[in-house]
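Read the structure below first, then the notes.
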Amino acid sequence: MNTNKYLAEMIGTFWLTFAGCGSAVIAAGFPQVGIGLVGVSLAFGLSVVTMAYAIGHISGCHLNPAVTLGLAAGGRFPVKQIAPYIIAQVLGAIAAAALLYLIASGAAGFDLAKGFASNGYGAHSPGQYNLVACFVMEVVMTMMFLFVIMGSTHGKAPAGFAPLAIGLALVMIHLVSIPVTNTSVNPARSTGPALFVGGWAIGQLWLFWVAPLLGGVLGGVIYRVLSPEPTGVVEGVKAR
């Protein structure tokens, strides 16, 4: 069994969670020079771009259970690899959240009650959006994310541009949905911070598994019907 791809997924998801959530926890509201919503959106997108070039040839650079499941639904990824990929991704996200907590808690005034980049709905949505609105947003955003991934890694797509297209798509997704759910589209990314916040974050975590996984499957299936891959099974950005 080749464990390199699982280790690559763990490291890649660690980077996405640490860089993305870290930008929100540490840098977003920093006095005078805080990066704000746009900066956080860019951090998440850039984390995917950089990892796609770093580990795309090893694991396909999924970094996200919804991407793994969506690619499988789209005929681009072997079903037997779904579970180990997701386990590796979740472990990477938890490790990132642990390191982020270690660093962030070293600042005076640090308070987990501020959310620690967790995702939420209702009273815990940044814009106080209700459960239905948050669920729909996560499904649609993840569906479109998979649509871009499937398209940019298709055998007929221009070679070499998939990481940029995927990263920019994630930036756009965050720009739209941070006010609604604080943007998940990634169950692993949601799980890491939620475990440290506890309470409401864990109680609401179900939505940030169910909605992204559903959206991922929808995106994969729809693109598979729209434009079947002529070259067989690939593993994400690996083939491009």
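Even glycines carry a Cβ here, placed using N, Cα and C.
Here is what Swiss-Prot records for this protein:
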type	residues	note
SITE	C21	site 'Involved in tetramerization or stability of the tetramer'
SITE	F44	site 'Selectivity filter'
SITE	H174	site 'Selectivity filter'
SITE	T183	site 'Selectivity filter'
SITE	R189	site 'Selectivity filter'
TRANSMEM	10-30	transmembrane segment
TRANSMEM	35-55	transmembrane segment
TRANSMEM	90-110	transmembrane segment
TRANSMEM	131-151	transmembrane segment
TRANSMEM	160-180	transmembrane segment
TRANSMEM	202-222	transmembrane segment
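Relative to C21 (site 'Involved in tetramerization or stability of the tetramer'), the recorded sites with Cα atoms inside 10 Å are F44, R189, the candidates having been F44, H174, R189. With every protein chain in view, the residue among the recorded sites H174, R189 whose Cβ has the most Cβ partners within 10 Å turns out to be R189.
Of the candidate ranges 10-30, 90-110, 202-222, 202-222 contributes the most Cβ pairs within a distance under 8 Å of the transmembrane segment (131-151). Each residue contributes its Cα atom, and for T183 (site 'Selectivity filter') and H174 (site 'Selectivity filter') these two points are 6 Å apart.
Packing against the transmembrane segment (90-110) from elsewhere in the chain are residues 9-18, 21-22, 25-26, 63, 65, 116, 187-189, 191-193, 195-196: each is 6 or more residues past its ends and has a CB under 8 Å from a CB in it.
H174 (site 'Selectivity filter') is 13 Å away from R189 (site 'Selectivity filter') when you measure Cα to Cα. In the three-state DSSP classification, C21 (site 'Involved in tetramerization or stability of the tetramer') falls within a helix.
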